[in-house]
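What TrEMBL says about this one:
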DOMAIN    72-196  domain 'VOC'
BINDING   126, 144, 192  Zn(2+) binding site
ACT_SITE  192  active site, proton donor/acceptor
DOMAIN    202-330  domain 'VOC'
């Protein structure tokens, strides 16, 4: 008897096979033929998993893929109640740059990308504004973002001068020497301000709370190929943190997972949405995630493949605590940015993508 997961995979592959069969006459001339062939390859992989998932032993090569893959954090997606207000706050108070902004009136939403450098090489934030919605629930699970700066005291003064809210005055962390402060943006998102030397990635952390830290560490190591950069236990404050990432935390962005003693569940709210990470092979990456989910928990929320109407390939899933990650094809992402620069139609102007983006973020 098939499990629910096996049934879903079987239905999906049968759909792909019918699609391929109906399009077979055009494989030699269709510009999308390579896309169809890739889908056939995926179909075969998932069919074998569906028909014998309980007995299939994933290869060592497959499980090692995330560590060999070319990955980096692309952007964090979250909702705001006033897009222009948030853009003004981030550019004037934090010193970010507005990289892209789009309005999709037919879908009643707009979004903007901001950061300290180009999207081709740096982590950025993607802000989403849904028409008529001016407030969101951040929940208890999302923690904060972090910005590295060479002078926390000066940054705090600048934020205050522009009317920003500081929730923790600058000063050394308890039991340490690192100088930090906390600021709150107009929607209530917290930003930790960390004093560091020059860094190539000023937008340096995303903090999420989890119910089982060891399980989460294993999940992000196995499913996403991240490394455990640092693990710190603070028994006097009853919490433990783990820094996860693809390079040293002073060189690039890190995912900070926080476990508060005795707390196993948190509310997600409807404000923070997801993190996007690049990959050289969405299909192989999805296979690995499927295997890890069977071991540690989680859920695939979008099967790997191109977004309807365009060629950008993605897959998305939830970790054991319900935090969402989207994997985006490296090459497709760069093509997307290039198309935007030269003024060609962007993915957000396709109705199919606009609907997916609005409902998935």
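Placement of Cβ uses the backbone N, Cα and C atoms for every residue, glycine included.
Automatic prediction, not curation, is the source of TrEMBL annotations.
Take the CB of residue 144 (Zn(2+) binding site) and look out to 10 A: across all protein chains shown you find 18 other CB atoms. There are 21 other Cβ atoms within 10 Å of the Cβ belonging to residue 192 (Zn(2+) binding site). Per-residue confidence over the domain 'VOC' (72-196) averages out at a pLDDT of 96. In the structure as shown, the Cβ atom of residue 126 (Zn(2+) binding site) sits within 10 Å of 22 other Cβ atoms.
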